[in-house]
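Okay, structure first, notes after.
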Amino acid sequence: MPSSLQPVLDRIATEIQALPGRGRPADYIPALASADPRHFGMAVAELDGTVYGVGDWQRPFSAQSITKAFTLALDLSLDGELLWEHVGREPSGNPFNSLVQLEYENGIPRNPFINAGALVVTDRLHALTGDAAGTLRAFLRAESGNDRLDFDEAVLASETAHGDRNAALAHFMASYGNITNPVPTLLDQYFRQCSIEASCADLALAAGFLARHGIRSDGSTLLTRSQAKQVNAVMLTCGTYDAAGDFAHRVGLPGKSGVGGGIIAVVPGRCTVCVWSPGLDQRGNSVAGVAALDRFTTLTGLSVF
Ligand code: GLN
């Protein structure tokens, strides 16, 4: 790794300005549709918590499905191997909100990062902690050192008002006995989780345990080395939905995207990266975000391959 990553980030930000298209912000809820696609921020956190950033790297945005990497880790730390009886770990090849595979697979979602799988993870975390979203927020605050990190009530309200697809997924899985909490309780927890507002710096720091093989910023253990490997592996194969193959091809790192336009990526043993730009491609991944991560691994030579 270069002695400082700052020049690399500065160069990427300049290159991204010249990108011909930025995609379009998610439009399925009004609270996200109003985001300006010209925003771009990127932060890298080293294992010791040193952070480099460029552009809008300190500006909070809607974390959305990035939170699924954190709830997976938090549930795995409590549930252990039992979790994998309730959710699979195979790429789905389908959009993130797809219902189609659930019926063939008896209500067991393909992986923890499509919405169906994330609902199962949040359901289990809520059953074990009594407050899944609060547990997530407390973890993100502790790891990022940002006590103001919080839910965005406007996004929560918007998502709740437009939640039919997620409600359908939850009810369908409940009919197979794969959901423990009442569906309305689960949906509130899930939408709350998705509404977390955090910056690139916050999320890069919070994901640090994935680069430290399961060790939190205070030196305590969240996951065993093997469990940290499991989370990174499922990020690599499923973290960007039906674009996971293309992401591995271009970026070559475990990554997790969200429809707010953020992506976290992990270089195990080295650093974590978070990039944000609200314009999305057809599969719900940030256009400038993937381009920036592609340049990052190309310029630094950092990748898991
Ligand atoms: N809140 C969004 C949803 O459930 C999250 C999707 C995403 O970020 N890919 O539809």
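Using the three backbone atoms N, Cα and C, a Cβ is placed for every residue, glycine included.
Please treat TrEMBL annotations as automatic predictions, because they have not gone through curation.
Taken from TrEMBL, the feature substrate binding site covers Ser65, Asn115, Glu159, Asn166, Tyr190, Tyr241, Val259.
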I'd like to know which of these binding-site residues, Tyr190, Tyr241, is least surrounded, judged by other CB atoms within 10 A.
Tyr241
Three-state secondary structure, which DSSP defines for Asn115 (substrate binding site):
helix
Return the count of C-beta atoms lying within 10 angstroms of the C-beta of Asn115 (substrate binding site), excluding that atom itself.
22
Measure from the Cβ of Val259 (substrate binding site) and count the other Cβ atoms within 10 Å, all protein chains considered.
23
Let me check the 10 A CB neighbour count of Glu159 (substrate binding site). How many other CB atoms are there?
23
By Cβ count within 10 Å, point out the most packed of the binding-site residues listed: Ser65, Asn166.
Ser65
DSSP secondary structure for Ser65 (substrate binding site), reduced to helix/strand/coil, please.
helix
